[in-house]
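Please read the structure below before turning to the comments.
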């Protein structure tokens, strides 16, 4: 049952098509803050607990919405209290939930997170309902995807669902942005050919290319391999070192550096708006690629994204 079947659908059907459609995951974050991480088998006291809203897909969608893009989230949550709260959170961020589905067959995805005072963390993810988003759901949402300016997806839902989303968007002339996270070595070749922008980090690039990526120069070599597989634009993020990008029109790898900052918490789970730094970056990139507010040059949003990526991890 889609969340759109609840009160609110009639209002959503009257609004203009979303410029940004995100197909991906929603995770309820169960966060405990502690002075240090526990050892194996050890029980320790924490000093704070809170419940937040996460998931790569939803993080990226919220970031694009907060930047001013009209957005729609295609996802699946459980028919439970976490799922109900998540749908309400999306609505509060002015995100269309017309194709936010609910299921009784699995619980809403959760991430149990422990963060120490030093910013180190341990995370256990149970994907739950996210893995039940299927190709039939995507075909039902095709009306929203085909009218968007850009569609972004990741791999916290099944590869089959993300691939179907890419096919629908590509066949409709919609720009596609694919974030292969978490990465899988035997990625279907169609993910490359259907991606207008292929954006991954250095560890994901290593898994995908079997090349070591420890420097901007290494990232350039990996990006060339990914480009040869059919991507139109490749961006490899390098944390504090910025990113490396290239495209079919500018095939020479270009390093876009950024300022070094002190990392407080790489998950950014305890920093408003509780958004993973890389997910926030991809949300900004999606906003730029969509052409909202005149940002149509891929280089411009990418440079802005690298600055956001580094600065966001210092929020407290």
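Backbone N, Cα and C atoms are what each Cβ position is placed from, and that goes for glycine too.
Per TrEMBL, domain 'Carbohydrate kinase PfkB' is recorded for 19-267.
Annotated substrate binding site per TrEMBL: 27, 28, 29, 55, 56, 57, 58, 59, 156, in sequence order. In sequence order, 53, 54, 55, 58, 108, 109, 110, 111, 125, 130, 156 are the residues near residue 27 (substrate binding site), counting only same-chain partners six or more apart with C-beta under 8 A.
The annotation ATP binding site is assigned in TrEMBL to 201, 237, 238, 239, 240, 241, 242, 258.
The K(+) binding site feature in TrEMBL is assigned to 265, 267, 294, 297, 299.
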Residue 156 (substrate binding site) has its Cβ surrounded, within 10 angstroms, by a count of other Cβ atoms equal to 24
Across all chains shown, how many C-beta atoms besides its own are within 10 angstroms of the C-beta of residue 201 (ATP binding site)?
-> 22
Cα-Cα, residue 237 (ATP binding site) versus residue 56 (substrate binding site), nearest Å, comes out at 16
Which Cβ among the binding-site residues (58, 238, 240) has the fewest C-beta neighbours inside 10 Å?
-> 240
